[in-house]
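Heads up: the structure comes next, in structure tokens.
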Ligand SMILES: [Zn+2]
Ligand SMILES: [Zn+2]
């Protein structure tokens, strides 16, 4: 996947080409953010997004005292990806994961719409960051997966959970029915909030739930026998997880995170 079709570099904004932030190599995915206040940028011209981005940087540097704007990127309502700290930089965006995950804000509030162009911008950004140079995992998260926050808002978080952002840029975009209210997307039980991985081999109720569903989907162990449902996430679970991820076009890491969890219930059984 080439770079996003509408990419604005920080140097295009008159900022220094490279952020003064510390170097990092975030590999574990992309975290979606929003603004806690409605911005109505979808109904304004794109120049309002540039103004927003400059003002955000100003605030982060001069009021927060940060070395630079907090986020890696902005994916705007007009389909542009605008560089913040950019690639290979530590962020001030999601506490505990500023060196491990990239961040993209949608610059919208709880009642702002999320236009299709904006969804496509996130997809293009993700696909670009998955290229060999940066080679991040294709997993997409919401800020609330890491910290206690409303971010990125219920509407965007539904899209995080139902896999809207992890599709190819050209794929259809389901109607989300706008912001506010609404029940969680699809039929998957809520992601338990913990990653199933090994080693060490650990026992959890979430693992048992996942194994049971995988068994129900017809997965078998390496001896061809019905999958053991014992709640222990070991090599056998990891093997099946990787095969499933590969079959469903997910990032193959053998770890059950939110995207794999949801796909376990929502992806068609093939
Ligand atoms: Zn956030
Ligand atoms: Zn814009």
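In case you wondered, yes, glycine gets a Cβ from its N, Cα and C as well.
Taken as a whole, the domain 'Peptidoglycan recognition protein family' (5-147) shows an average pLDDT of 97 in this prediction. Residues annotated as domain 'Peptidoglycan recognition protein family' in TrEMBL: 5-147.
Residues annotated as domain 'N-acetylmuramoyl-L-alanine amidase' in TrEMBL: 15-153. Residues in the domain 'N-acetylmuramoyl-L-alanine amidase' (15-153) partition by DSSP class (helix H, G, I; strand E, B; coil) as 37 helix, 19 strand, 83 coil.
According to TrEMBL, the region 'Disordered' annotation covers 164-199.
Among the features that TrEMBL reports, compositional bias 'Gly residues' is placed at 176-187.
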